Structures are given as structure tokens and as C-alpha cells.
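Undergrad: What TrEMBL records for this protein is below:
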DOMAIN    514-563  domain 'Cationic amino acid transporter C-terminal'
TRANSMEM  75-97  transmembrane segment
TRANSMEM  109-131  transmembrane segment
TRANSMEM  203-221  transmembrane segment
TRANSMEM  228-252  transmembrane segment
TRANSMEM  264-282  transmembrane segment
TRANSMEM  303-324  transmembrane segment
TRANSMEM  350-374  transmembrane segment
TRANSMEM  395-415  transmembrane segment
TRANSMEM  421-443  transmembrane segment
TRANSMEM  455-478  transmembrane segment
TRANSMEM  484-506  transmembrane segment
TRANSMEM  541-565  transmembrane segment
Amino acid sequence: MDTVDETGDEIQQRSYWRWSKQDFFPEDSFQNWSAYRSALLQTFTRFKNRVISRSEDADEIGELRHQSENEMKRCLSWWDLTWFGFGSVIGAGIFVLTGQEAHEHAGPAIVLSYVASGISSMLSVFCYTEFAVEIPVAGGSFAYIRVELGDFAAFITAGNIILGSVAGNAAVARAWTSYFTTLLNHHPNSLRIHTNLTDGFNLLDPIAVAVIVFTSVIAISSTKRTSFFNWIASALNMVVIFFVIVTGFAHAKTSNLTPFMPHGAKGIFVAAAIVYFAYGGFDNIATMAEETKNPSKDIPLGLLGSMSIITVIYCLMALSLSMMQKYTDIDPNAAYSVAFQSVGMKWAKYLVALGALKGMTTVLLAGAIGQARYATHIARVHMIPPWFALVHPKTGTPINATLLIGLASACIAFFSSLDALASMLSVNSLLISTMVAVALLVRRYYVRGITSRSNLLKLTFFILVIIVSSVGTCAYWGLNPNGWLGYTVTVPLWFLGTLAISVLLPQERTPKVWGVPLVPWFPSLSIAINLFLMGSLEAQAFIRFGICTVAMLIYYIFFGLHATYDMAHQPKKPMSSTISEDMEKARA
């Protein structure tokens, strides 16, 4: 298909399917080796510029969308977003991780683990919703952090978004294969190809690859068509979930809840950090703001509504499992199927497996939509090649970005096991949610050209107090789970840091349509809980995360830094009438 490229009075027809050097590396720094060497010599200066530079709302809503050449189609309502919320979130996490963490860490108190993770998620949802209404673009948290915390912080976010998207899709696809074999009465690994590779990467999974390819193709075809498919599959999945909850409580035994906390509070929070993965995906709704008919109304209804219901569903499912079967007897690999078998409902395991398959399919489908929008906006600022920012004129979807996420996910899913992926995913999700909460505090209390330098310094200091005290609470918990003395220092410090922002600093910006209540308390609590849950994860998760972060920084120094610097310093194009209208709606 052709797209229109306007340059002055000249109008040229350009094919969507193009892959010249200029489509991937149009920046001045990459035109020849001499220009690249010159750029590398300016690395420190450019890095300093990128660290302190921040984007504007208008640039994110208007200017950057020129990079996609075509507009995404506004076709989604709050009803579509609500079902996308169910489709994005309810999948492998609840069906796989609940039994695993109840058996190994939390016992019957797994329900409290879901409550803790649910509170953390809902606080993050509040922050995401305010941003999505104010800055309704495909970039989601990447765009929000770029506006409030700067370009370099946004790059760290972008790297974790893409890493989390790829690894998350791979983990769900691997779980899909395991549940599919349950339907066939085979061992979970029976349909995988056994090799002599390193343990954790030695079971090749062609079925997982096929599922990812299938959902990516649907996502490419049409956003509205994908929404309809997601609605049907999610509705069927909700029927299965209702059956699991009702039947589970019908066969419940209160004696199975004793002992309620076999591994104490530590077991609850270790499990909470892992099952946070089950809430992952809600941010995909924020990335659909560019395709939402009325973002200011539809996003709060869709995002807050779906996540509130999902939190209740998760707690009920976890409680029903714990009351059906003793936690020591719960099968960590197929918890619900084995639990129904233990109460004489062997046939129900097929229904559970089918429900899990439907849930995981919609997670992959909604992920293919949302994650491609992230990649599209990241490409618009040239952190990855701008070829991935292109939107197809006929489908109104970012085909190139969808292929990027889909193919990368398929490669990882082919090799990597679920347990090698899940804990690292929680680190990514919690880190991004923490940065969004910090960005919200900055947005409310700092406006360039209005906030005084002294108030900026106070805000920076108080936010650092909140972060450091939260890290201190987490560290003390890890070193001395049964102690209490350290909390008498860290918790009051967190409280005083938050109180100081509330009392000593004026809010410089008030949300026009919808805002997070109880600012700064809710964002500050989100930071504290997210960091606490991160600290509850095992060291191996941070080692893998650290290796990936080093790889990201190497990429940034040699490519991303120079591409974004050139992009930021090029002349701005005039806005199209469509984008101008969108900006007016965002201001309204």
C-alpha cells in the first residue's frame, strides 16, 4: 500500500513495504563512518543533553505521530477497553502461579498475596489512568516518563517494556503448550522437542511459536476485529472462571485453611512478588488511547473497571483452591485440574484447561495489540529504527512493530522455559510501575517555567527520601524478617517525606478530567509497595535483569543515544488537522 509523504508543495507516494537504509537509519549520525565517528566523540555531551531533556505533552500527542505517516483508527469504546482489560490480564498467571506459590511459599495465605499484589496494581492503575487521559498516545508509560523524567529515564523504561513484552509473551505461550497437553492427557513436555542444551533451555516448543504467530496475524489485521475476537474469547473464559469459583466453594473444607500462614509473612510477600505477574498487562489498555473514541471517559471506565473486577476474581479463585485442597497436596504444575480431580470431578480438569487456554490466548492477543503500540511510539522517537513506527494506511495498525514483538517472542518461546522467565518479568513490571508513580509526583508538583528552583530541589529531596526509605524497609525485611526496630526508622521517614510534599509544596498542575485521588499519598504508597515486592524476589531474577540492563546500555551508547539526539534536534513539521483536533480534545 502507498502512503502520502508531504514535503513543501511536493507530494510523493511511498510504499508501506519498504526497507531502505534511510527507513532504518535516517539520522545524520549514521549517514557515513565519518559522521558516526564524530557522533561517538560527542557521546558525553549528547548523553548529558539526553539526561536533562524532557518532552512536552504537545510533542507526544502531536509532533511524534508524524513519524507513523498514517493515523491509527479511533474505533474503541469503554466496553472494548474493559474486555481488553480482562483479555490482557487473566491468563497464565492465575492458573499457573497460584498453585505453585500456594504450595511452595504462601499456603492458604496465597489469597493475601493476591490482595497485596492487587493493591500494588490498583495504585499503579490510578497513576496510569491519569496519564492516559492527559497524554492519550500509543506510548503508554514510555511517553509519560519521557515527559516527566526525561529521555534517558524513558530509554530505561523502553528497554524494560520491550524485554518484558517479549519475555511475557514467551512465558504465556509456553504455558499454553502445557495446558494444551493436559487436554490431550499427555505429560506437559510431551509435545516439546528434547535436546542436549542447558537445563531450562533444552525443551524446544514449536506449538508456542505457532500460537504467537496466530495471535500476531489477528492483531495485524484490524484493531476492531481483534477487539471483537477478544470479547468473545474473554466472555467464554469468564464462564469457566465462574464455574471454578462456584464449584470450588461448593467442595470447600475450612480445615484446609489450617495452618493459614505456614511460612509466615515472608512467604506471603515472596508469593506476592511472583503473582504480581498475574496482574501484568493492564498497561496495554493505556497504549490504546490513540485508538479510543473518547479517552477522557473511556479509559478510566475501562482500566479501573476491569482491574477492580479482576482483583476480586483473583482473590476468590485463590481462596477456592486453598479450601478445596490442602496446600501441601496442591499440584504446582496443574493446581486446579488436580484439585477438581481430588474432589471426584475428574472431568472438570478438561474444562479448566480449556478456560486456561482461552485466557492465555486472549493475553497473547491483547499483548500483541498493546505491546506493538509501545514499540511504535518508541520508534517514533528513534530509540529503535523509525521503520517500526509506520502505521499501515489500510489496516490502521502498526504491522512492522507487531512483527518485531511477535517474532522476537516466538524465538524466546522456542527455547526458554516458564520458570526462567516469570521472576524476571515481575522485576520489569514493578520497576516500570515505580517510575510511573515517581513521574506522577513530578507532574503534579513541577512545571517548567513556573516552579521555583527551591521548590524543585525540595521535591527532588523528598522523592529521594521516599525511595531511600522504601528501599531501606525492603532491605531490613530481607535481612531480618522477624525484626521490627529498623521499621521505626524507615517507615516514619517514608511518612515524613510524603507529608512534606503534601504540606510544603503547592500542586502546580491539576488534572483537567480525571486525576489520582489523595496525591501525594497514593503515588508514594505505590512506590513503597512496588519496591518492597521487588526486594522479595530471588537474587537470580536481579542477576538476569542486570545482564539485560547492561546490554541495553551498550545499545544506547552506540546507537539509541545518537539517534534520539539527532531526532530531537531536527526541524519540527507542521501538525496535521487530525492531530490538532486530538490535542484540542486532550486539553478539553
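The backbone N, Cα and C atoms fix where each Cβ goes, glycine too.
Bear in mind that TrEMBL entries carry predicted annotations, made automatically and left uncurated.
Here the structure is a predicted model, which means the values were calculated and not measured.
Map the listed features onto the structure and describe their local environment.
TA: Within its own chain, the transmembrane segment (109-131) is flanked in space by residues 98, 101-102, 140-141, 143-144, 260-262, 267-269, 271-273, 275-276, 278-279, 282-283, 286, 299-300, 303-304, 307-308, 311, 314-315, 318-319, 321-322, 327, 430, 433, 436-437, 439-440, 443, 511, 514-517, 522-523, 525-526, 529-530, 533, which lie at least six positions past its ends and keep a Cβ under 8 Å from the stretch.
Distant neighbours of the transmembrane segment (203-221): 169-170, 173-174, 176-177, 180, 189, 191-195, 229, 361, 364-365, 367-369, 372, 395, 397, 399, 402-403, 405-406, 409-410, 413-415, 417; these residues of the same chain sit at least 6 beyond its ends, with a Cβ under 8 Å from one of its Cβ atoms.
Counting same-chain residues at least six beyond the ends of the transmembrane segment (228-252), those with a Cβ under 8 angstroms from any Cβ of the stretch are 80, 83-84, 86-87, 90, 218, 313, 316-317, 320-321, 323-324, 336, 339-340, 343, 345, 348, 351-352, 354-355, 358-359, 361-362, 365-366.
Beyond the ends of the transmembrane segment (303-324), by six or more residues, the same chain brings 78, 81-86, 89-90, 94, 98-99, 102, 107-108, 110-111, 113-115, 118, 121-122, 125-126, 128-129, 132, 241, 244-245, 247-249, 251-254, 256-257, 278-279, 282, 285-286, 330, 335-336, 339-340, 342-343 to within a C-beta distance below 8 angstroms of the stretch.
Same-chain residues lying 6 or more positions outside the transmembrane segment (350-374) and placing a CB less than 8 Å from one of its CB atoms are 84, 86-92, 94-96, 138-140, 142, 158, 161-162, 165, 168-169, 172-173, 175-176, 179-180, 182-183, 211-212, 215-216, 218-219, 223, 226, 229-230, 233-234, 236-237, 239-241, 243-244, 281, 283-285, 287-288, 290, 334, 336-337, 340, 397-398, 401-402, 404-406.
Within the same chain, residues 441, 445, 455, 458-459, 462-463, 465-466, 468-470, 472-473, 476, 520-521, 524, 528 sit at least 6 positions outside the transmembrane segment (484-506) and bring their C-beta atoms closer than 8 Å to a C-beta of that stretch.
Through the fold, the transmembrane segment (541-565) approaches residues 25, 27, 29-30, 36, 39-40, 43, 46-47, 49-50, 151, 155-156, 159, 163, 381-384, 423-424, 426-428 of its own chain, all at least 6 residues removed from its boundaries and within a Cβ separation under 8 Å.
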Undergrad: Grab the same-chain neighbours of the transmembrane segment (75-97) for me: Cβ-Cβ under 8 Å, and only residues 6 or more beyond its ends, written as numbers and ranges.
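TA: That would be 171-172, 175-176, 178-179, 223-224, 227, 230-231, 233-235, 237-238, 241, 274-275, 277-282, 284-285, 288, 291-294, 297-299, 301-303, 305-307, 309-310, 313-314, 317-318, 335-336, 352, 355-356, 359-360, 362-367, 369-370, 396, 418, 422.
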